[in-house]
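Feature annotations, courtesy of TrEMBL:
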DOMAIN    1-70  domain 'U-box'
REPEAT    260-292  repeat 'WD'
REPEAT    305-346  repeat 'WD'
REPEAT    349-390  repeat 'WD'
REPEAT    391-431  repeat 'WD'
Amino acid sequence: MICAISGEVPEEPVVSKKTGHLFEKRLVERHVEDFGKCPVTGEPITMDDLMPVKTNKAVKPRPLQAASIPGLLGMFQIEWDQLMLSHFALEQQLHTARQELSHALYQHDAACRVIARLKKERDEARTFLTLAERHVPLPASTTANDSTFNNWKRAAEDVNMDHDGKRSLPGISADIIADLTDCNTLLSQQRKKRQIPSTLAPVDALERYTQLSSHPLHKTNRPGILSVDIHPSKDIIATGGVDTNAIVFDRTSGQILSTLSGHSKKVTSVKFVPKDDFFVTASADKTVRVWQGSEDGNYNCRHVLKDHTAEVQAVTVHATNNYFVSASLDSTWCFYDLASGSCLTQVGDTSDGDGYTSAAFHPDGLILGTGTSQANVRIWDVKSQSNVAKFEGHSGPVSAISFSENGYFLATAAADGVKLWDLRKLRNFRTFAPYDSNTSTNSVDFDHSGSYLAIAGSDIRVYQVANVKSEWNCVKTFPDLSGTGKATSVKFGPNAQYLTLGSMDRNLRIFGLPGDSAEE
(Lines of atoms letter the chains of each structure in order from A and count residues from 1; the text may use other names and numbers.)
(Lines give C-alpha, C1' and ligand atoms only; values in the text may rest on other atoms or scores of the structure.)
Protein backbone atom coordinates (compact mmCIF):
# COMPACT_ATOMS: atom_id res chain seq x y z
CA MET A 1 0.00 0.00 0.00
CA ILE A 2 1.33 3.39 -1.04
CA CYS A 3 0.03 6.84 -0.01
CA ALA A 4 -1.37 8.71 -3.01
CA ILE A 5 0.12 11.97 -1.69
CA SER A 6 3.61 11.08 -0.39
CA GLY A 7 4.29 7.96 -2.44
CA GLU A 8 5.50 6.19 0.72
CA VAL A 9 4.10 3.39 2.90
CA PRO A 10 1.69 5.15 5.31
CA GLU A 11 2.00 4.77 9.06
CA GLU A 12 -1.74 5.40 9.62
CA PRO A 13 -3.50 4.53 6.36
CA VAL A 14 -7.02 5.75 5.59
CA VAL A 15 -9.15 5.20 2.46
CA SER A 16 -11.68 7.54 0.93
CA LYS A 17 -15.18 6.02 0.76
CA LYS A 18 -16.00 8.11 -2.31
CA THR A 19 -12.84 7.83 -4.41
CA GLY A 20 -11.25 4.64 -3.03
CA HIS A 21 -7.76 6.19 -2.82
CA LEU A 22 -5.36 5.39 0.04
CA PHE A 23 -3.71 8.18 2.00
CA GLU A 24 -1.53 8.90 5.02
CA LYS A 25 -4.04 10.10 7.65
CA ARG A 26 -2.22 13.26 8.80
CA LEU A 27 -1.56 14.40 5.22
CA VAL A 28 -5.08 13.94 3.84
CA GLU A 29 -6.72 15.44 6.94
CA ARG A 30 -4.70 18.63 6.56
CA HIS A 31 -5.62 18.78 2.84
CA VAL A 32 -9.32 18.24 3.53
CA GLU A 33 -9.30 20.95 6.27
CA ASP A 34 -7.71 23.43 3.87
CA PHE A 35 -9.55 22.60 0.60
CA GLY A 36 -12.44 20.21 1.39
CA LYS A 37 -11.81 17.93 -1.57
CA CYS A 38 -9.87 14.84 -2.61
CA PRO A 39 -6.23 15.64 -3.44
CA VAL A 40 -6.28 13.18 -6.38
CA THR A 41 -9.69 13.47 -8.04
CA GLY A 42 -10.79 16.83 -6.70
CA GLU A 43 -14.19 15.50 -5.57
CA PRO A 44 -15.66 17.10 -2.43
CA ILE A 45 -15.07 14.96 0.66
CA THR A 46 -15.27 15.39 4.42
CA MET A 47 -13.56 13.85 7.41
CA ASP A 48 -16.43 11.38 7.72
CA ASP A 49 -15.56 10.00 4.23
CA LEU A 50 -12.15 8.84 5.49
CA MET A 51 -12.12 5.30 6.82
CA PRO A 52 -9.08 3.87 8.68
CA VAL A 53 -7.49 0.71 7.32
CA LYS A 54 -6.11 -1.90 9.70
CA THR A 55 -2.76 -3.29 8.57
CA ASN A 56 0.22 -5.01 10.09
CA LYS A 57 3.01 -2.66 11.24
CA ALA A 58 5.35 -2.10 8.33
CA VAL A 59 9.11 -2.08 8.86
CA LYS A 60 10.71 0.65 6.82
CA PRO A 61 13.60 -0.44 4.66
CA ARG A 62 17.10 0.64 5.66
CA PRO A 63 18.53 3.70 3.94
CA LEU A 64 21.01 3.03 1.18
CA GLN A 65 24.04 4.22 3.20
CA ALA A 66 23.21 1.75 5.97
CA ALA A 67 23.37 -1.22 3.64
CA SER A 68 27.18 -1.44 3.74
CA ILE A 69 29.94 -1.31 6.35
CA PRO A 70 31.55 1.89 4.91
CA GLY A 71 28.13 3.54 4.91
CA LEU A 72 27.54 2.57 8.53
CA LEU A 73 30.97 3.89 9.52
CA GLY A 74 30.19 7.19 7.79
CA MET A 75 26.87 7.49 9.66
CA PHE A 76 28.59 6.74 12.97
CA GLN A 77 31.27 9.38 12.22
CA ILE A 78 28.62 12.02 11.49
CA GLU A 79 26.75 11.21 14.70
CA TRP A 80 30.03 11.32 16.67
CA ASP A 81 30.93 14.73 15.22
CA GLN A 82 27.49 16.08 16.07
CA LEU A 83 27.80 14.70 19.60
CA MET A 84 31.22 16.36 20.08
CA LEU A 85 29.95 19.70 18.75
CA SER A 86 26.98 19.54 21.07
CA HIS A 87 29.28 18.67 24.00
CA PHE A 88 31.59 21.62 23.17
CA ALA A 89 28.64 24.03 22.97
CA LEU A 90 27.37 22.82 26.34
CA GLU A 91 30.84 23.27 27.87
CA GLN A 92 30.94 26.86 26.58
CA GLN A 93 27.48 27.60 27.93
CA LEU A 94 28.49 26.16 31.31
CA HIS A 95 31.66 28.30 31.42
CA THR A 96 29.70 31.45 30.50
CA ALA A 97 27.04 30.68 33.10
CA ARG A 98 29.70 30.22 35.79
CA GLN A 99 31.33 33.56 34.88
CA GLU A 100 27.99 35.37 34.91
CA LEU A 101 27.07 33.81 38.23
CA SER A 102 30.42 34.80 39.77
CA HIS A 103 30.05 38.37 38.48
CA ALA A 104 26.45 38.57 39.73
CA LEU A 105 27.45 37.33 43.19
CA TYR A 106 30.28 39.88 43.34
CA GLN A 107 27.95 42.70 42.30
CA HIS A 108 25.35 41.58 44.84
CA ASP A 109 27.91 41.58 47.62
CA ALA A 110 29.20 45.02 46.62
CA ALA A 111 25.65 46.37 46.35
CA CYS A 112 24.82 45.08 49.83
CA ARG A 113 27.85 46.86 51.29
CA VAL A 114 27.00 50.10 49.49
CA ILE A 115 23.36 49.94 50.60
CA ALA A 116 24.41 49.36 54.20
CA ARG A 117 26.79 52.33 54.09
CA LEU A 118 24.17 54.58 52.47
CA LYS A 119 21.57 53.62 55.06
CA LYS A 120 24.01 54.46 57.83
CA GLU A 121 24.86 57.84 56.28
CA ARG A 122 21.16 58.54 55.68
CA ASP A 123 20.29 57.88 59.32
CA GLU A 124 23.19 60.03 60.53
CA ALA A 125 22.22 62.81 58.14
CA ARG A 126 18.63 62.73 59.34
CA THR A 127 19.83 63.01 62.93
CA PHE A 128 22.07 65.93 61.99
CA LEU A 129 19.32 67.80 60.14
CA THR A 130 16.91 67.30 63.04
CA LEU A 131 19.47 68.76 65.42
CA ALA A 132 20.24 71.62 63.02
CA GLU A 133 16.56 72.56 62.81
CA ARG A 134 16.39 72.74 66.56
CA HIS A 135 19.61 74.81 66.65
CA VAL A 136 21.26 72.20 68.87
CA PRO A 137 25.07 71.91 68.59
CA LEU A 138 26.41 68.79 66.88
CA PRO A 139 27.31 65.98 69.29
CA ALA A 140 30.89 64.81 69.05
CA SER A 141 29.85 61.37 67.82
CA THR A 142 28.40 62.77 64.60
CA THR A 143 31.71 64.27 63.48
CA ALA A 144 33.55 60.98 63.20
CA ASN A 145 33.19 60.75 59.45
CA ASP A 146 34.81 63.79 57.86
CA SER A 147 33.36 63.24 54.42
CA THR A 148 29.81 62.83 55.78
CA PHE A 149 30.25 65.92 57.93
CA ASN A 150 31.32 67.96 54.90
CA ASN A 151 28.23 66.83 53.02
CA TRP A 152 26.06 67.79 56.03
CA LYS A 153 27.77 71.16 56.11
CA ARG A 154 26.94 71.71 52.45
CA ALA A 155 23.32 70.75 53.14
CA ALA A 156 23.14 73.28 55.96
CA GLU A 157 24.74 75.98 53.79
CA ASP A 158 22.22 75.30 51.02
CA VAL A 159 19.46 76.44 53.38
CA ASN A 160 20.92 79.95 53.53
CA MET A 161 19.02 81.97 50.95
CA ASP A 162 19.10 85.63 50.04
CA HIS A 163 16.03 87.84 49.77
CA ASP A 164 15.48 86.81 46.12
CA GLY A 165 15.17 83.15 47.05
CA LYS A 166 18.56 82.23 45.61
CA ARG A 167 21.21 80.33 47.50
CA SER A 168 23.72 82.64 49.17
CA LEU A 169 27.34 81.75 48.46
CA PRO A 170 30.37 83.03 50.38
CA GLY A 171 32.26 84.19 47.26
CA ILE A 172 35.99 84.15 46.60
CA SER A 173 37.54 85.71 49.71
CA ALA A 174 40.53 88.01 49.87
CA ASP A 175 42.65 85.17 51.30
CA ILE A 176 41.80 82.96 48.33
CA ILE A 177 42.56 85.77 45.88
CA ALA A 178 45.92 86.25 47.61
CA ASP A 179 46.56 82.51 47.26
CA LEU A 180 45.72 82.68 43.54
CA THR A 181 47.90 85.76 43.04
CA ASP A 182 50.89 84.24 44.83
CA CYS A 183 50.58 81.12 42.68
CA ASN A 184 50.41 83.27 39.55
CA THR A 185 53.55 85.22 40.54
CA LEU A 186 55.51 82.05 41.33
CA LEU A 187 54.53 80.25 38.11
CA SER A 188 55.25 83.33 35.98
CA GLN A 189 58.76 83.60 37.44
CA GLN A 190 59.41 79.89 36.93
CA ARG A 191 58.21 80.04 33.34
CA LYS A 192 60.77 82.69 32.42
CA LYS A 193 63.58 80.40 33.60
CA ARG A 194 62.12 77.19 32.28
CA GLN A 195 63.73 75.40 29.36
CA ILE A 196 62.47 72.61 27.16
CA PRO A 197 63.37 69.36 28.98
CA SER A 198 66.02 67.16 27.42
CA THR A 199 63.70 64.15 27.80
CA LEU A 200 61.06 65.67 25.51
CA ALA A 201 60.31 63.37 22.58
CA PRO A 202 61.90 64.82 19.39
CA VAL A 203 59.98 65.26 16.15
CA ASP A 204 61.62 62.27 14.48
CA ALA A 205 60.48 60.06 17.37
CA LEU A 206 56.90 61.31 17.09
CA GLU A 207 56.93 60.50 13.39
CA ARG A 208 57.62 56.84 14.28
CA TYR A 209 54.90 56.57 16.94
CA THR A 210 52.44 53.70 16.49
CA GLN A 211 49.80 52.01 18.61
CA LEU A 212 51.46 50.18 21.50
CA SER A 213 48.42 48.78 23.27
CA SER A 214 44.64 48.81 23.44
CA HIS A 215 42.76 48.21 26.68
CA PRO A 216 39.01 47.42 26.88
CA LEU A 217 38.09 49.36 30.01
CA HIS A 218 34.39 50.14 29.71
CA LYS A 219 31.23 48.10 29.25
CA THR A 220 30.40 46.58 25.86
CA ASN A 221 26.69 47.38 26.02
CA ARG A 222 27.38 51.13 26.43
CA PRO A 223 30.72 51.79 24.71
CA GLY A 224 32.41 55.16 24.41
CA ILE A 225 35.19 57.05 26.23
CA LEU A 226 34.41 60.78 26.54
CA SER A 227 37.34 62.04 28.60
CA VAL A 228 40.95 61.04 29.36
CA ASP A 229 43.40 62.43 31.90
CA ILE A 230 46.93 61.42 33.00
CA HIS A 231 48.28 61.79 36.53
CA PRO A 232 51.16 64.30 36.47
CA SER A 233 53.44 62.29 38.78
CA LYS A 234 52.17 58.69 38.60
CA ASP A 235 51.95 56.40 35.58
CA ILE A 236 48.18 56.09 35.81
CA ILE A 237 45.45 57.12 33.38
CA ALA A 238 41.78 57.93 34.01
CA THR A 239 38.89 57.62 31.57
CA GLY A 240 35.25 58.70 31.75
CA GLY A 241 32.73 56.64 29.83
CA VAL A 242 29.23 56.57 28.43
CA ASP A 243 28.60 53.60 30.76
CA THR A 244 28.46 56.06 33.75
CA ASN A 245 31.79 54.83 35.16
CA ALA A 246 35.22 56.39 35.56
CA ILE A 247 38.17 54.01 35.33
CA VAL A 248 41.61 54.47 36.91
CA PHE A 249 44.15 52.43 34.92
CA ASP A 250 47.79 51.56 35.64
CA ARG A 251 49.78 51.91 32.41
CA THR A 252 52.78 49.97 33.79
CA SER A 253 50.91 46.81 34.74
CA GLY A 254 48.09 47.19 32.22
CA GLN A 255 45.55 46.62 35.01
CA ILE A 256 42.48 48.52 36.19
CA LEU A 257 43.20 50.00 39.64
CA SER A 258 39.69 51.18 40.43
CA THR A 259 36.24 51.50 38.87
CA LEU A 260 34.42 54.59 40.15
CA SER A 261 30.66 54.06 40.08
CA GLY A 262 28.09 56.52 41.34
CA HIS A 263 27.03 58.73 38.46
CA SER A 264 23.68 57.88 36.87
CA LYS A 265 24.55 59.16 33.39
CA LYS A 266 27.63 59.41 31.17
CA VAL A 267 30.85 60.77 32.68
CA THR A 268 31.80 63.82 30.59
CA SER A 269 35.06 64.95 32.22
CA VAL A 270 37.74 63.53 34.56
CA LYS A 271 40.68 65.29 36.24
CA PHE A 272 43.45 64.13 38.57
CA VAL A 273 44.50 66.37 41.47
CA PRO A 274 48.02 65.47 42.70
CA LYS A 275 47.44 67.00 46.11
CA ASP A 276 46.02 64.54 48.67
CA ASP A 277 45.28 62.08 45.84
CA PHE A 278 41.99 63.75 44.87
CA PHE A 279 40.12 62.97 41.66
CA VAL A 280 37.20 64.92 40.13
CA THR A 281 34.50 63.68 37.75
CA ALA A 282 31.66 65.50 35.98
CA SER A 283 28.55 63.91 34.53
CA ALA A 284 25.45 64.48 32.46
CA ASP A 285 23.47 63.70 35.63
CA LYS A 286 24.08 67.38 36.63
CA THR A 287 26.53 66.47 39.41
CA VAL A 288 30.24 66.69 40.14
CA ARG A 289 31.90 64.12 42.37
CA VAL A 290 35.13 64.52 44.31
CA TRP A 291 36.93 61.25 45.05
CA GLN A 292 39.98 60.52 47.19
CA GLY A 293 42.39 57.63 46.82
CA SER A 294 42.94 55.23 49.68
CA GLU A 295 45.85 53.00 50.66
CA ASP A 296 44.29 49.96 49.00
CA GLY A 297 44.24 51.73 45.63
CA ASN A 298 40.48 52.35 45.55
CA TYR A 299 38.86 55.78 45.35
CA ASN A 300 36.12 56.79 47.77
CA CYS A 301 33.56 59.49 47.03
CA ARG A 302 34.10 62.46 49.35
CA HIS A 303 31.58 64.93 47.94
CA VAL A 304 28.61 64.92 45.57
CA LEU A 305 28.09 68.47 44.30
CA LYS A 306 24.64 69.37 42.99
CA ASP A 307 24.92 73.07 42.23
CA HIS A 308 24.13 72.82 38.51
CA THR A 309 20.70 72.39 36.92
CA ALA A 310 21.87 70.88 33.60
CA GLU A 311 24.58 68.57 32.29
CA VAL A 312 28.06 69.31 33.64
CA GLN A 313 30.35 69.24 30.61
CA ALA A 314 33.81 69.99 32.03
CA VAL A 315 35.93 70.30 35.16
CA THR A 316 39.34 71.98 35.38
CA VAL A 317 41.72 72.12 38.35
CA HIS A 318 43.58 75.26 39.42
CA ALA A 319 47.38 75.21 39.57
CA THR A 320 47.30 75.50 43.40
CA ASN A 321 45.50 72.11 43.49
CA ASN A 322 43.21 73.68 46.11
CA TYR A 323 40.35 74.76 43.84
CA PHE A 324 38.55 73.64 40.72
CA VAL A 325 35.87 74.90 38.33
CA SER A 326 32.92 73.06 36.79
CA ALA A 327 31.15 74.25 33.63
CA SER A 328 27.59 73.31 32.74
CA LEU A 329 24.96 73.63 30.02
CA ASP A 330 22.92 75.67 32.51
CA SER A 331 25.05 78.70 31.45
CA THR A 332 26.99 78.84 34.73
CA TRP A 333 30.40 77.86 36.03
CA CYS A 334 31.12 77.14 39.69
CA PHE A 335 34.32 77.79 41.65
CA TYR A 336 34.86 75.17 44.38
CA ASP A 337 37.12 74.64 47.34
CA LEU A 338 38.46 71.15 46.74
CA ALA A 339 38.95 69.95 50.31
CA SER A 340 35.54 70.97 51.67
CA GLY A 341 33.56 70.61 48.44
CA SER A 342 32.06 74.06 49.04
CA CYS A 343 30.82 76.10 46.08
CA LEU A 344 32.36 79.53 46.69
CA THR A 345 30.72 81.26 43.74
CA GLN A 346 28.52 80.43 40.78
CA VAL A 347 28.94 82.69 37.76
CA GLY A 348 26.16 82.86 35.18
CA ASP A 349 25.78 84.69 31.91
CA THR A 350 22.41 84.02 30.31
CA SER A 351 22.49 87.03 27.97
CA ASP A 352 23.11 84.85 24.90
CA GLY A 353 21.64 81.63 26.27
CA ASP A 354 25.01 79.93 25.92
CA GLY A 355 25.57 76.74 27.85
CA TYR A 356 29.19 75.93 28.67
CA THR A 357 30.61 72.88 26.88
CA SER A 358 34.31 73.10 27.85
CA ALA A 359 36.58 74.86 30.33
CA ALA A 360 40.28 75.17 31.20
CA PHE A 361 42.44 77.26 33.52
CA HIS A 362 45.27 79.33 32.09
CA PRO A 363 48.64 77.92 33.28
CA ASP A 364 49.10 80.89 35.63
CA GLY A 365 45.67 80.38 37.20
CA LEU A 366 44.16 83.88 37.09
CA ILE A 367 42.38 83.37 33.76
CA LEU A 368 39.65 80.85 32.96
CA GLY A 369 38.64 79.92 29.43
CA THR A 370 35.21 78.51 28.61
CA GLY A 371 33.67 77.27 25.37
CA THR A 372 29.95 77.56 24.76
CA SER A 373 27.22 75.72 22.91
CA GLN A 374 26.77 78.78 20.66
CA ALA A 375 30.31 78.60 19.20
CA ASN A 376 31.79 81.33 21.42
CA VAL A 377 34.92 81.29 23.57
CA ARG A 378 34.92 83.43 26.69
CA ILE A 379 37.88 84.49 28.82
CA TRP A 380 37.22 85.26 32.49
CA ASP A 381 39.16 87.06 35.20
CA VAL A 382 38.93 84.60 38.09
CA LYS A 383 39.49 87.22 40.81
CA SER A 384 36.59 89.44 39.71
CA GLN A 385 34.60 86.71 37.88
CA SER A 386 34.18 89.13 34.98
CA ASN A 387 34.17 88.28 31.27
CA VAL A 388 37.24 90.11 29.91
CA ALA A 389 37.28 88.77 26.33
CA LYS A 390 35.03 86.95 23.86
CA PHE A 391 36.25 85.09 20.77
CA GLU A 392 33.82 84.41 17.92
CA GLY A 393 34.27 82.57 14.64
CA HIS A 394 33.59 78.90 15.31
CA SER A 395 30.54 77.03 14.09
CA GLY A 396 28.90 74.58 16.46
CA PRO A 397 29.60 73.95 20.17
CA VAL A 398 33.19 74.46 21.33
CA SER A 399 34.03 70.90 22.35
CA ALA A 400 37.49 71.46 23.88
CA ILE A 401 39.98 74.19 24.77
CA SER A 402 43.65 74.03 25.77
CA PHE A 403 46.16 76.72 26.82
CA SER A 404 49.80 76.43 25.77
CA GLU A 405 52.40 76.17 28.52
CA ASN A 406 53.87 79.61 27.79
CA GLY A 407 50.43 81.16 28.28
CA TYR A 408 50.46 82.94 24.89
CA PHE A 409 48.26 80.63 22.83
CA LEU A 410 44.80 79.15 23.20
CA ALA A 411 43.59 76.27 21.02
CA THR A 412 39.83 75.68 20.66
CA ALA A 413 38.05 72.83 18.87
CA ALA A 414 34.57 72.79 17.33
CA ALA A 415 32.65 71.37 14.37
CA ASP A 416 34.62 73.49 11.89
CA GLY A 417 38.08 72.45 13.15
CA VAL A 418 40.66 74.05 15.46
CA LYS A 419 41.36 77.75 15.90
CA LEU A 420 44.51 79.19 17.48
CA TRP A 421 44.20 82.47 19.38
CA ASP A 422 46.94 84.92 20.36
CA LEU A 423 46.07 85.94 23.92
CA ARG A 424 48.37 88.95 23.77
CA LYS A 425 46.51 90.55 20.87
CA LEU A 426 43.19 88.73 21.38
CA ARG A 427 42.91 87.54 17.80
CA ASN A 428 42.73 84.35 15.78
CA PHE A 429 45.99 83.81 13.89
CA ARG A 430 45.57 80.30 12.46
CA THR A 431 42.82 77.77 11.71
CA PHE A 432 43.11 74.04 11.06
CA ALA A 433 40.20 72.44 9.19
CA PRO A 434 41.45 68.86 8.77
CA TYR A 435 38.04 67.21 8.32
CA ASP A 436 34.97 67.61 6.14
CA SER A 437 31.91 69.60 7.18
CA ASN A 438 30.19 66.52 8.63
CA THR A 439 33.09 65.65 10.97
CA SER A 440 33.73 67.75 14.05
CA THR A 441 36.95 68.10 15.99
CA ASN A 442 36.29 66.68 19.47
CA SER A 443 39.51 67.21 21.42
CA VAL A 444 42.62 69.40 21.47
CA ASP A 445 45.63 69.25 23.80
CA PHE A 446 49.00 71.01 24.14
CA ASP A 447 51.70 68.86 25.70
CA HIS A 448 53.10 70.09 29.03
CA SER A 449 56.16 71.72 27.40
CA GLY A 450 54.04 73.55 24.83
CA SER A 451 56.02 72.01 21.96
CA TYR A 452 53.27 69.91 20.37
CA LEU A 453 49.55 70.19 19.75
CA ALA A 454 47.30 67.14 19.27
CA ILE A 455 43.80 67.25 17.79
CA ALA A 456 41.27 64.43 17.49
CA GLY A 457 38.28 63.93 15.20
CA SER A 458 37.94 61.20 12.62
CA ASP A 459 41.70 60.67 13.11
CA ILE A 460 44.45 62.03 15.40
CA ARG A 461 46.96 64.65 14.23
CA VAL A 462 50.02 66.04 15.99
CA TYR A 463 51.39 69.48 15.06
CA GLN A 464 54.70 71.03 15.98
CA VAL A 465 54.09 74.31 17.79
CA ALA A 466 55.66 77.41 16.18
CA ASN A 467 54.98 81.13 16.61
CA VAL A 468 52.25 83.38 15.24
CA LYS A 469 53.93 83.96 11.87
CA SER A 470 55.54 80.56 11.25
CA GLU A 471 53.79 77.51 9.90
CA TRP A 472 52.62 74.82 12.34
CA ASN A 473 53.59 71.58 10.61
CA CYS A 474 51.65 68.33 10.99
CA VAL A 475 54.31 65.80 12.00
CA LYS A 476 52.13 62.70 12.43
CA THR A 477 48.63 61.46 11.61
CA PHE A 478 47.23 58.41 13.41
CA PRO A 479 44.19 56.62 11.98
CA ASP A 480 41.19 56.00 14.21
CA LEU A 481 41.59 52.26 14.87
CA SER A 482 38.31 52.02 16.78
CA GLY A 483 36.29 51.79 13.59
CA THR A 484 33.81 54.36 14.93
CA GLY A 485 35.26 57.32 13.05
CA LYS A 486 35.08 59.45 16.19
CA ALA A 487 38.10 60.00 18.43
CA THR A 488 36.74 61.87 21.45
CA SER A 489 39.70 62.64 23.73
CA VAL A 490 43.46 62.89 23.26
CA LYS A 491 46.12 63.54 25.91
CA PHE A 492 49.94 63.74 25.89
CA GLY A 493 51.92 61.75 28.44
CA PRO A 494 54.87 63.31 30.32
CA ASN A 495 57.42 64.82 27.89
CA ALA A 496 55.24 63.60 25.01
CA GLN A 497 56.76 60.14 25.47
CA TYR A 498 53.39 58.62 24.65
CA LEU A 499 49.89 59.64 23.59
CA THR A 500 46.57 58.36 24.99
CA LEU A 501 43.34 58.25 23.01
CA GLY A 502 39.71 57.63 23.83
CA SER A 503 37.16 56.85 21.12
CA MET A 504 33.52 55.85 20.85
CA ASP A 505 34.38 52.22 21.45
CA ARG A 506 35.30 50.86 24.90
CA ASN A 507 39.09 50.81 24.40
CA LEU A 508 41.80 53.12 25.68
CA ARG A 509 44.61 53.25 23.12
CA ILE A 510 48.23 54.20 23.83
CA PHE A 511 50.62 55.36 21.08
CA GLY A 512 54.40 55.55 21.36
CA LEU A 513 57.66 54.34 19.91
CA PRO A 514 57.59 50.69 18.77
CA GLY A 515 59.27 48.46 21.32
CA ASP A 516 58.88 50.93 24.18
CA SER A 517 57.40 49.41 27.32
CA ALA A 518 55.56 51.20 30.09
CA GLU A 519 58.48 50.71 32.43
CA GLU A 520 60.79 52.56 30.09
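Each residue's number is its place along the chain shown, starting with 1.
Just so you know, glycine gets a Cβ as well, placed from its N, Cα and C.
On the 0 to 100 pLDDT scale, the repeat 'WD' (349-390) averages 89 in this prediction. Secondary structure of the repeat 'WD' (349-390), assigned with DSSP and counted as helix (H, G, I), strand (E, B) and coil, comes to 0 helix, 22 strand, 20 coil.
Residues 224, 226-233, 236, 238-248, 299-317, 321-322, 324, 326, 328, 334, 336, 338-339, 341 of the same chain lie 6+ residues outside the repeat 'WD' (260-292) yet bring a C-beta within less than 8 angstroms of a C-beta in it.
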